[in-house]
Amino acid sequence: QPLNLVTGMLLCCRISPEELQYIQEHLEENESQATPASHQATPPASVPWREMATSWPVWAILICDAGNSFGFSVYFSHIPTYIQNILGFSIKQNGVLSALPFLCRYLGAIISATVADMVMARGLLSVLSVRRVFSTIAMMGPAVNLLAVAHSGCDPSTAIALLCVGFFLNGFITTGLFANRVDITTNFCGTLTGLSNTCANVVSVIVPIVVGSLTQNQQTLGQWQKVFWMCVPVYALSEIFFLIFASASTQKWNYSNISKDTYEAEESTSEQEESFLSGVTDPNNDQNI
């Protein structure tokens, strides 16, 4: 990662050898300070498939990503059809309008990441709380938004504005669900990401079949309302599962030589931090800071 960062900087601008050395030294220093001694354990020689398959935090990520992919596929693949057939825009107008929600999603990802960093830097919320809050916004926001779109009628301005809002909120998934992969495993984050993307892609194959069965030769507002309503329970149930089983602690199977006592001590520390932050933000607590 330090090498990638330095390479990117070299490509963007010219820096002196002294500046390069300064950057590399401070990156190494920051990484050594940010990594606890217990986390410097060596990774397993092979992927711990059995441990990952029985890990609830892993399943929380997989199921939430699948639910997010279901709703996103409806947005991504079928909104242009909805804009053309229901809202009555031409193909030329459709291209521009279909791109606006994705720009909003990009902005949502940037803004949410910035806000999350500020919140955690000031100790307002723990990492797990941040993941839960931002994933809830990213999942439930578009779900409620789709209901609003479904009942907005054929008013183009209202429908496009609502779609942009829904995509903006879904951009928060970057700070919630996607970042949580690194929270629970650093050594097998790539493997977990591959599994998560596989689940998401399987769902994205199913969505066109389901939507097509509802709207083929039936391009009416009523049929599209069924499509939008169908996304709501998928969003909600997958997010509830994530809220229950998500974790922000590095899992034991991420290392090969970490002791059980060390792992349990880290888990206990994370729980104590979560409890402390809850007490700080509880308005009924007389000892609030």
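Using the three backbone atoms N, Cα and C, a Cβ is placed for every residue, glycine included.
As annotated by TrEMBL, transmembrane segment applies to 56-76, 96-121, 133-153, 159-180, 192-215, 227-246. The region 'Disordered' feature in TrEMBL is assigned to 266-289.
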Quick test of the contact rule: Cβ under 8 Å, at least six residues beyond the ends. What residues does that give for the transmembrane segment (227-246)?
56-57, 59-61, 63-64, 66-68, 70-71, 74, 78, 128, 131-132, 135-136, 139-140, 142-143, 146-147, 149-150, 177, 180, 210-211, 214-215
Mind checking which residues reach the transmembrane segment (56-76)? Cβ under 8 Å, same chain, six or more beyond either end.
101, 135, 138-139, 142-143, 146, 163, 166-167, 170, 173, 177, 180-181, 184, 192, 195-197, 199-204, 206-208, 211, 227-228, 231, 234-235, 237-239, 241-242, 244-247, 251
Mind checking which residues of the chain, 6+ beyond the ends of the transmembrane segment (192-215), have their Cβ under 8 Å from one of its Cβ atoms?
52, 58, 61-63, 65-70, 72-74, 77-78, 81, 181, 184-185, 223-224, 226-227, 230
